[in-house]
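First the structure, in the form of C-alpha cells, and then the observations on it.
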Amino acid sequence: MGKKNSKLKQDTIDRLTTDTYFTEKEIRQWHKGFLKDCPNGLLTEQGFIKIYKQFFPDGDPSKFASLVFRVFDENNDGAIEFEEFIRALSITSRGNLDEKLHWAFRLYDVDNDGYITREEMYNIVDAIYQMVGQQPQTEDENTPQKRVDKIFDQMDKNHDDRLTLEEFREGSKADPRIVQALSLGGD
C-alpha cells in the first residue's frame with residue numbers, strides 16, 4: 001500500500017473540520033502524530049492493542065481493544081485510517097453525551113442488529129474487567145455477570161432481554177455511574 005495518506009489533502013481537512021470537533025491545526029497535529037506511529041497511514045488491530053497495553057499495564061486490554069477497534073474501523077477493512085481515527089476520537093473526547101452514548105451503544109452492539117443483548121453486554125463488561133485487572137468491587141458487581149444483571153435490571157424497561165439505543169441512553173443518563181464506567185464523562 002505504500003505511503004497511504006502521507007499528505008493530508010485540503011478537502012479532507014475541510015471535511016474533518018466540518019464533521020468533527022477539531023480545528024484545522026489540531027487535525028494537522030493529530031495527522032502528524034498518526035503518521036509517526038503508523039508510517040503507512042494505517043493502524044492495525046495489533047497496533048491498537050499495543051497502544052491499549054501501554055495504558056493498562058496491570059490488566060489485559062486485548063479483548064476490549066479489539067472491540068473498540070471494530071467501532072473505530074468504520075469500513076470494516078481491518079485497519080483504521082486517519083479519517084476513521086479522528087472521527088472516533090472527536091466523539092469520544094469532545095462529543096456531547098448523546099453522541100458518546102450512541103458511540104458506546106455501537107461498541108456494545110457487537111452484531112450491529114440495533115440491540116444490546118445480555119451476551120453482548122457480558123462480552124464488553126468481561127473485557128473491561130480483564131483490562132482494569134483486580135479492582136475492589138461491591139458484592140453486587142464483583143463479577144461481570146452480576147454487573148450485567150444489574151445493568152439490565154436498571155435499563156431493560158420492557159424486560160425483553162435486549163436493550164434498544166433509547167433504553168441504553170435513558171438508563172445511562174439515569175445512573176451517572178454507568179456513564180462513568182463507560183469513561184464517557186458528562187457533556
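Here the Cβ of each residue, glycine as well, is placed from N, Cα and C on the backbone.
Annotation source Swiss-Prot lists N-myristoyl glycine at Gly2.
Summarising the annotation, Swiss-Prot assigns domain 'EF-hand 1' to 29-54. Each residue in the domain 'EF-hand 1' (29-54) has a pLDDT score, and their mean in this model is 95.
Positions annotated as domain 'EF-hand 2' by Swiss-Prot: 60-95.
Residues near Glu84 (Ca(2+) 1 binding site) in space but far in sequence (CB under 8 A, at least 6 apart, same chain), listed by position: Phe72, Asp73, Glu74, Asn75. Look at Swiss-Prot and you will find Asp73, Asn75, Asp77, Ala79, Glu84 tagged as Ca(2+) 1 binding site, backed by experimental evidence.
Residues annotated as domain 'EF-hand 3' in Swiss-Prot, with sequence analysis given as evidence: 96-131.
What Swiss-Prot lists as Ca(2+) 2 binding site is Asp109, Asp111, Asp113, Tyr115, Glu120, and the listing cites experimental evidence. Around Glu120 (Ca(2+) 2 binding site), taking its Cβ as the centre, 20 other Cβ atoms fall within 10 Å, counting all chains.
Counting residues of the domain 'EF-hand 4' (143-178) by DSSP class, helix then strand then coil, yields 25 helix, 2 strand, 9 coil. The domain 'EF-hand 4' feature in Swiss-Prot is assigned to 143-178; the stated evidence is sequence analysis.
Neighbour list (Asn158 (Ca(2+) 3 binding site), Cβ cut-off 8 Å, at least 6 residues apart, same chain): Glu167. Taken from Swiss-Prot, the feature Ca(2+) 3 binding site covers Asp156, Asn158, Asp160, Arg162, Glu167, and the record attributes it to experimental evidence.
For the Ca(2+) 1 site, the Cβ centre of Asp73, Asn75, Asp77, Ala79, Glu84 serves as reference, and the other residues of the chain with Cβ at most 8 Å from it are Phe72, Glu74, Asn76, Gly78, Ile80, Glu81. A Cα-Cα distance of 10 Å separates Asp109 (Ca(2+) 2 binding site) from Arg162 (Ca(2+) 3 binding site). Cβ atoms under 8 Å from those of the domain 'EF-hand 4' (143-178) belong to residues 97-98, 101-102, 104-105, 108, 114-118, 121-122, 125-126, 128-129, 137, 184 of the same chain, restricted to positions at least 6 beyond its ends.
Tertiary proximity for the domain 'EF-hand 3' (96-131) is limited to same-chain residues at least six positions away from its ends with a CB under 8 Å from its CB atoms, namely 52, 56, 59-65, 67-68, 70-71, 88, 143-145, 147-148, 151-152, 161-165, 168-169, 172-173, 179, 181-182, 184-187.
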